[in-house]
């Protein structure tokens, strides 16, 4: 701890505010500058492929702008800074939280409502230090805690690209945060507690590829923002070992073979990130969005580097329990319901269809300590990533109208303990709570406690 005496002087209100400002990972954003010695330029293979939201480049654009487009995609800037149905990067995307609403800023070159008057230094300072144009503290909903690892040159290139997108005059709504969460100075304390502003440094004992993967995962990719659980103040806990996020559970992405990527090959990871699916899983929810807007556009070399790094990352100590016996009453009911409702797509073997229907067999995602993803998908359905290799994006319908809480609990328990899986049973109460939090409809014509 760098400042234990200062930390001890914070009031309860300061700590509560700190818990809020780090609660989520998409929202208030501007940009910043800090000298470093690391400069990493993204691969060029996907540089000119237009994204559903980002703007294509003309042949007249400079190399810096082309690099900036690639890097902006790697950082997935468009996802948070584009409102539903809005112009790219014009901000306005609201994020509802238990503590109030935060709104993503306009980062187009509009001089009145965007960053058209920002210098490179001001932009870099915001992105890497969490300080606005006039020195005000930003909330870590904009993940400057990760972007601190990004080189100044890469951020200059991103700024060069953003300077070329159409300027949009769009004054976004103000954050709606009650006292004391609206006091930005409280971020001073949070930063002392949780912000490591150390620049990225290559590990000379590792390969060039491994270091490139580390740079992308820890920096622009800001993978820890979702895949690392937070403590009660919003600081990071066990790195990349999974965590709850906006009604989803971002899975462990370490070398752990039970709940992580230990059983995935590096090529499995490349295929998943590039196409949105592989023989083991299909991206959905926030991850599908990340693949659509960002990851599909990265070069194969960069995606391979990410895979190499993640495969080397130390995992949790989670291990498989003893699977429930097939004769267990929940397993018996679950199998019957699965065959009637799920096997047509997922197959009786649980193997699914590569790249379209997620495999449930020997699945780290299925075995996650929190079954939120499975329950959410059954209750309200889900859609896969839309990519250049899969332009439609497979979808799963919801079953909330058809299956009771007990039915869904039995199916989930069966899936989590079949085909090489072993995990804790899901209860009807688990499903009831998920149904309520998601606002999913009740099953038609049947009692919910069956």
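Quick reminder: no glycine exception, Cβ is built from N, Cα and C everywhere.
According to its DSSP assignment, residue 81 (heme c 1 binding site) is coil. Here TrEMBL flags 77, 80, 81 as heme c 1 binding site.
Taken residue by residue with DSSP, residue 227 (heme c 2 binding site) is part of a helix. Residue 227 (heme c 2 binding site) has a Cβ environment of 24 other Cβ atoms inside 10 Å. What TrEMBL lists as heme c 2 binding site is 223, 226, 227.
Mapped onto DSSP classes, the domain 'Cytochrome c' (63-166) shows 41 helix, 12 strand, 51 coil. Feature annotation from TrEMBL assigns domain 'Cytochrome c' to 63-166 (among others).
For 208-314 (among others), the entry in TrEMBL reads domain 'Cytochrome c'.
Within the domain 'Cytochrome c' (329-419), the DSSP-based counts of helix, strand and coil residues read 37 helix, 7 strand, 47 coil. Taken from TrEMBL, the feature domain 'Cytochrome c' applies to 329-419 (among others).
Sequence annotations record features per position, and here TrEMBL assigns region 'Disordered' to 30-60.
According to TrEMBL, the feature signal peptide maps to 1-31.
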Within 10 Å of its Cβ, which one of these binding-site residues (77, 80, 223) has the largest number of other Cβ atoms? 77
Environment of 223, 226, 227, the listed heme c 2 site - residues of the same chain whose CB lies within 8 A of the CB centroid: 222, 224, 225, 228, 240, 250, 253
For the binding-site residues 81, 226, the one whose C-beta sees the most other C-beta atoms within 10 angstroms: 81
Residue 227 (heme c 2 binding site) to residue 77 (heme c 1 binding site) - Cα separation in whole Å: 18
